[in-house]
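S.K.: Quick one: structure below, then a few questions.
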Amino acid sequence: MVPVVALVGRPNVGKSTLFNRLTRTRDALVADFPGLTRDRKYGQARLGEEHEFIVIDTGGIDGTEEGVETKMAEQSLAAIDEADVVLFLVDGRAGLTPSDEAIAAHLRKIEKPAMLVVNKIDGIDADAACADFWQLGVDDMYQIAAAHGRGVTALLERALAPFFDDLLASESEDGEIEDLTEFEDEELAVEDYTEEDAEAEFKRLQDQPIKLAIIGRPNVGKSTLTNRILGEERVVVYDMPGTTRDSIYIPMERDGREYVLIDTAGVRRRGRINETVEKFSVVKTLKAVEDANVVLLVIDARENISDQDLSLLGFALNAGRSIVLAVNKWDGLDNEVKENVKKELDRRLGFVDFARIHFISALHGTGVGHLFESIQEAYKSATTRVGTSVLTRIMKMATDDHQPPMVRGRRIKLKYAHAGGYNPPIVVVHGNMVRDLPDSYKRYLMNYFRKSLEIMGTPIRINFQNSDNPYENRTNKLTLSQERKRKRMMSAVKNRNK
């Protein structure tokens with residue numbers, strides 16, 4: 001399972017700065033669900049190339065009028081409950097405050113790993129700034145400068161070590177972190193996608209069942225659809241106890257293909273299927289998306305598409321998951337309403353025009369069977385092996401139809417392309433000055449690859465890599481005859497100027 005890290009602390013200690021650095025965003029609007037997570041923001045983060053985790057930015061706790069306990073309950077208690085580890089941030093420049101002491105007292109009462117993080121230690125005597133915080137009775141404290149990334153990597157390695165066997169925190173004998181490497185911004189961190197890695201990923205996926213996550217807002221019909229897919233007799237068998245943030249993983253088979261259904265709503269016994277109130281856990285949904293191959297987003301046809309729907313869809317896209325859309329409760333709507341719903345879908349979901357849309361009734365089973373045709377199509381598109389020669393040929397066709405633009409008087413040259421990964425499919429394009437390609441041309445290439453490869457139901461990513469120039473930064477060494485010619489020319493110029 002993907003670990004969850006919660007950032008807790010009073011206002012202005014740098015929680016949002018650290019959140020933005022971890023999620024590699026600028027505005028912290030990664031998955032801000034209106035109404036449900038008013039005081040908490042959720043984002044995807046990654047340490048290195050393989051270690052993914054979810055980070056929660058909680059609202060600040062000031063501990064004034066109503067008391068810190070009330071504020072904690074309102075803004076951060078739910079986030080702490082959802083988290084696997086808590087990072088308690090304090091301000092090294094401001095020093096210890098009563099609010100910090102109250103928060104620390106609360107964290108000591110819960111059975112949850114909590115780490116004290118002293119932020120804003122850049123440009124000051126860090127040890128002196130941290131001295132007061134030892135009063136909080138902590139065993140260790142960690143010094144960082146979130147604005148510059150100093151100490152963040154080492155902090156994460158320590159925080160996530162219990163969840164990843166290959167992570168070892170870099171510590172000295174007295175427990176202080178020595179590694180102060182920077183957690184780089186996304187534009188500086190260029191991932192190296194190789195054909196060997198892509199082939200290994202392809203082979204791994206061949207032996208795995210398709211993991212299908214059914215997600216959506218509360219009461220759109222996820223439970224009804226899950227029960228319809230599994231069959232009523234399966235519900236009792238798989239009515240397993242789970243926590244508020246753990247989904248239920250249900251193995252199943254359909255059309256000779258093995259699946260693992262990730263149920264975020266929770267499969268209920270027959271007597272409880274008609275419950276009208278469904279608890280919505282954001283973390284549970286985001287974890288399911290991270291772990292899935294294909295995401296089935298359920299939308300209520302009787303309600304307008306909400307910002308929550310778009311946030312869930314955006315999170316699935318950012319995670320690179322294949323997507324199928326199911327518009328539920330379609331039965332009983334008159335034709336005029338149906339036309340209006342379709343127009344609204346076209347207007348608001350144009351950015352996922354590659355995803356199949358199905359109009360279904362989970363309650364009566366109408367259209368449910370066809371969902372799996374699109375699920376298999378999307379998964380096949382995301383995991384089909386494509387050779388280097390085919391990708392390079394498609395790239396050449398694209399450049400023949402529409403040449404890359406000129407940059408600083410030079411034409412950008414695309415040389416060859418190869419596969420860089422699957423689920424989602426990644427195409428790596430090598431060339432010179434490719435980082436100067438405008439976004440419009442990148443979109444053109446992406447759409448050209450999608451159309452040529454007939455990719456449906458999954459996002460496609462293009463990674464551009466500059467080919468190394470073997471003569472870059474090397475002085476041009478003249479031959480003996482060239483040196484003599486140069487001297488004659490210089491002598492002639494001097495004589496002419498006399």
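Just so you know, glycine gets a Cβ as well, placed from its N, Cα and C.
The model shown is predicted, which means the values in this text are computed figures rather than measured ones.
Take a look at what Swiss-Prot says about it:
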type	residues	note
DOMAIN	3-167	domain 'EngA-type G 1'
BINDING	9-16, 57-61, 119-122	GTP 1 binding site
DOMAIN	210-383	domain 'EngA-type G 2'
BINDING	216-223, 263-267, 328-331	GTP 2 binding site
DOMAIN	384-468	domain 'KH-like'
S.K.: Let me know how many other Cβ atoms fall within 10 Å of the Cβ of W330 (GTP 2 binding site).
M.R.: 20
S.K.: Between N12, K15, G216, T264, which of the binding-site residues has its C-beta surrounded by the fewest other C-beta atoms within 10 Å?
M.R.: N12
S.K.: How big is the Cα-to-Cα gap, in Å, between G216 (GTP 2 binding site) and I121 (GTP 1 binding site)?
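M.R.: Cα to Cα, G216 (GTP 2 binding site) and I121 (GTP 1 binding site) are separated by 42 Å.
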S.K.: Starting from each candidate's C-beta and looking 10 angstroms out, tell me which of the binding-site residues T58, I121 has the most other C-beta atoms.
M.R.: T58
S.K.: Quick check on the domain 'KH-like' (384-468): DSSP residue counts for helix, strand, coil, in that order please.
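M.R.: Going through the domain 'KH-like' (384-468) residue by residue, I get 32 helix, 26 strand, 27 coil.
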S.K.: With N12 (GTP 1 binding site) as the reference Cα, tell me which of the binding-site residues N219, K222, T264, W330 is the closest one.
M.R.: T264
S.K.: Determine the mean pLDDT over the domain 'EngA-type G 1' (3-167), rounding to the nearest whole number.
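M.R.: Mean pLDDT across the domain 'EngA-type G 1' (3-167) comes out at 79.
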S.K.: T264 (GTP 2 binding site): which of the binding-site residues G9, K15, T58, I121 is the nearest Cα neighbour?
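M.R.: Going through G9, K15, T58, I121 one by one, the Cα closest to that of T264 (GTP 2 binding site) is T58.
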S.K.: Run through the Cβ atoms and count how many others sit within 10 Å of the one on G9 (GTP 1 binding site).
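M.R.: There are 25 of them.
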S.K.: Helix, strand or coil: which one is N219 (GTP 2 binding site) in, per DSSP?
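M.R.: Reduced to three states, the DSSP call for N219 (GTP 2 binding site) is coil.
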S.K.: Counting other Cβ atoms within 10 Å, pick out the least crowded of the binding-site residues N219, K222.
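M.R.: Ranked by other Cβ atoms within 10 Å, the binding-site residues N219, K222 bottom out at N219.
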